[in-house]
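Written below as structure tokens is the structure these notes are about.
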Amino acid sequence: MASRFPRFSQGLSQDPTTRRIWFGIATAHDFESHDNITEERLYQKIFASHFGQLAIIFLWTSGNLFHVAWQGNFEAWIQDPLHVRPIAHAIWDPHFGQPAIEAFTRGGASGPVNIAYPGVYQWWYTIGLRTNQDLYTGALSLLILSAIFLIAGWLHLQPKWKPSVSWFKNAESRLNHHLSGLFGVSSLAWTGHLVHVAIPESRGEHVRWDNLLTALPHPQGLGPFFAGQWSVYAQNADSSSHLFGTSQGAGTAILTFLGGFHPQTQSLWLTDIAHHHLAIAVVFIIAGHMYRTNFGIGHSMKEILEAHTPPGGRLGRGHKGLYDTINNSLHFQLGLALASLGVITSLVAQHMYSLPAYAFIAQDFTTQAALYTHHQYIAGFIMTGAFAHGAIFLIRDYNPEQNEGNVLARMLEHKEAIISHLSWASLFLGFHTLGLYVHNDVMLAFGTPEKQILIEPVSAQWIQSAHGKALYGFDVLLSSANSPAFNAGQSIWLPGWLDTINNNSNSLFLTIGPGDFLVHHAIALGLHTTTLILVKGALDARGSKLMPDKKEFGYSFPCDGPGRGGTCDISAWDAFYSAVFWMLNTIGWVTLYWHWKHITLWQGNVAQFNESSTYLMGWLRDYLWLNPSQLINGYNPFGMNSLSVWAWMFLFGHLVWAIGFMFLISWRGYWQELIETLAWAHERTPLANLVRWKDKPVALSIVQARLVGLAHFSVGYIFTYAAFLIASTSGKFG
């Protein structure tokens, strides 16, 4: 008999259809639970899937390059980056009537097109690409790379090429290679590209394969390098009147420390960026020689961890036992990787707008808003995933004997203190912040705005002043002309930095006031509550006073039946599920705040944010009600415009979001009754009753319905906000 889906679990494949399909999909990637899995096969499958993942990423980026080269307007955009709208790709839609064709034909195109808001035009322009031919070459190269990775993935599943478990668990070698090779050498290679291709291109010199070996990136070549006169490479930098992409005002320096932004492009100096990558390369290549491998020199990670016993014995046995615990748990390693990647992704969001690296991207407001929002949402999902896998580690991989008395065991031992402190912080933040907003709201409603409680964020303003922002008059560190710090940096990066930080037209160290103070604490409430739910879910995943044997039930279970009342809703999966709602709402506040503050900055009316953000009706009326006007105007009595697609997506996003509640609020019994009624009708309907089922149709389980509800809530939430963000920004700024 041909085995049915899922082939990896004979038990599941014999189950009734609903359970078989749902649990089959849910456990498809849970290799640990598959039939006949061994530790060796587990590691090899994950290793091979990494090659597939990389192949997909390169295929996707290749597609971006290819479609822009084929249907975009890259060469036209380069001539006037501030006024030509960059095209992502053409739209072919047989339903388009004449009004739609006219509305979507823009950016100098001959037919309907999509405008690009991911910043790839600015990125490609900055790194030295100039023609469609360059884009096609890049697309083809990435396609070939993608194929190589697919072949490598297949190859490493063949008996002769399968790595052993000991190879996967060789942490020191992996660290050395990832630090030196992945980060170090790739940063060095990127420095090379910037110095040999991007910087000459920004000065009007065209360097390609045909002249790469003959075009000197610096007039003195490698002479100063070997003579130890490295400062020569920083001399004669581009002037402040330099026109990007031309020789006008260009210098010859390749590695500088100018600080601040290029006046015309409003982005970091390319020569500063090259210097930064060279420094990263040096640091990481050295770091990749730290750990002991076959050569018997360097640090042993295990020895470092075992030796690290805290002074005074206040922290028990410190890190003893951690090396083997982490090295033998894929979930622990994944949790650490996701936590790091989540933080990095959020930092990318914060830095892409405040310190823009790509030429002219700072003046493309819709792209700035889209990139910030995109990276914050991605960060939220990745961070919640870190806690999910942390909980799975505690359930599946944690061994109490191995970790006796170490920092991990002590986390579990005093979990009540951790959870209650987080709870207290969340309650404090929530009540005080809401109290201030509501008080201010009532004062405005009663016509006495002067009775608002407005708190200046003095600590944050002091920190901004220490970095050189003069506006607040704090006269401290870099904002004080007498400080040693001020004098020390005067000859290198400081003048450029101070000009930039005190220039009110960019997003670096934005001026903050009482509205920022309030929303900052609202966001802090969201962050602490999300963390509380996730930390509690992980720390209670093995067991709690209510359910001491919880780990026997696994990561996700609905309840343990009526015999133990009150065991519903307490699996680690339920904590993850609850936390995602808080995560989404928190990032909602973050992105609303960012967007409103920037809209007023870009329009030159910062007073609107400053005055309206201190009370609830201000947020509702002057941001959430005022800005969707473009969305509800996508179709009007005069026909349609180019925002109509966002208007439709805005409505569709609300629909998907609302469908989520259908699954979240009505539970299993309702659906089971409904299904049985539908089945009854089906069996009595001519023609329809020719189609029969082998097993009884059943409703989704509680956990399955929650997953479907959560998926619709998340997707609808993001679709709605994406449409709102892009339409309200592009509608204002063209």
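One is the number of the first residue shown, and numbering goes on along the chain from there.
Including glycine, each Cβ sits where the backbone N, Cα and C put it.
Now, the feature entries from Swiss-Prot:
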BINDING   C559, C568  [4Fe-4S] cluster binding site
BINDING   H654  chlorophyll a B1 binding site
BINDING   M662, Y670  chlorophyll a B3 binding site
BINDING   W671  phylloquinone binding site
TRANSMEM  46-69  transmembrane segment
TRANSMEM  135-158  transmembrane segment
TRANSMEM  175-199  transmembrane segment
TRANSMEM  273-291  transmembrane segment
TRANSMEM  330-353  transmembrane segment
TRANSMEM  369-395  transmembrane segment
TRANSMEM  417-439  transmembrane segment
TRANSMEM  517-535  transmembrane segment
TRANSMEM  575-596  transmembrane segment
TRANSMEM  643-665  transmembrane segment
TRANSMEM  707-727  transmembrane segment
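DSSP assigns W671 (phylloquinone binding site) to a helix in the three-state reduction. Distant neighbours of the transmembrane segment (369-395): 117-119, 329, 331-332, 334-336, 338-339, 341-343, 345-346, 348-349, 352-353, 412, 530, 534-535, 537-539, 541-542, 551, 554-555, 572-573, 575-576, 579-580, 583-584, 586-587, 590-591, 594-595, 598, 718, 721-722, 725-726, 729; these residues of the same chain sit at least 6 beyond its ends, with a Cβ under 8 Å from one of its Cβ atoms.
Packing against the transmembrane segment (417-439) from elsewhere in the chain are residues 411, 452-453, 455, 518, 521-522, 524-525, 528-529, 531-532, 535-536, 539, 614-616: each is 6 or more residues past its ends and has a CB under 8 Å from a CB in it. Here the transmembrane segment (575-596) has long-range neighbours at 369, 372-373, 376-377, 380-381, 383-384, 387-388, 391, 516, 519, 522-523, 526-527, 529-530, 533-534, 536-538, 540, 609, 613, 619, 623-624, 627, 706-707, 710, 713-714, 717-718, 721, 725, 728-729, meaning same-chain residues at least 6 beyond its ends whose C-beta is under 8 angstroms from one of its own. With Cβ pairs under 8 Å as the measure, the transmembrane segment (46-69) is packed most heavily against 135-158, out of 135-158, 175-199, 273-291, 643-665.
C568 ([4Fe-4S] cluster binding site) sits 19 Å from W671 (phylloquinone binding site), taking the C-alpha atoms as the reference points. In terms of local Cβ density within 10 Å, W671 ranks first among the binding-site residues Y670, W671.
Checked against the residue listed as 'phylloquinone binding site', the binding-site residues C559, H654, M662 differ in C-alpha distance, with M662 being the nearest. Applying an 8 A CB threshold to same-chain residues 6+ apart, the list for M662 (chlorophyll a B3 binding site) reads G709. Beyond its flanks by at least six residues, the transmembrane segment (707-727) meets 26, 117, 366, 369-370, 373, 377, 577, 580-581, 584, 588, 591, 595, 627-628, 630-631, 634, 643, 646-647, 649-650, 652-664, 700 of its own chain at Cβ-Cβ distances under 8 Å. Listed by sequence, the residues of this chain that lie at least six past the ends of the transmembrane segment (273-291) yet keep a Cβ under 8 A from its Cβ atoms are 171-173, 175-181, 183-185, 187-188, 190-191, 194-195, 198-199, 234, 254-257, 298-301, 357. If you take the Cα of Y670 (chlorophyll a B3 binding site) and the Cα of C559 ([4Fe-4S] cluster binding site), they are about 18 angstrom apart, rounded to a whole number. Shown in sequence order, G716, T720 are the residues of the chain, 6+ apart in sequence, with a C-beta less than 8 angstroms from the C-beta of the residue listed as 'chlorophyll a B1 binding site'.
C568 ([4Fe-4S] cluster binding site) has a Cβ environment of 14 other Cβ atoms inside 10 Å. For C559 ([4Fe-4S] cluster binding site), the number of other Cβ atoms no farther than 10 Å from its own Cβ, over all displayed protein chains, is 15.
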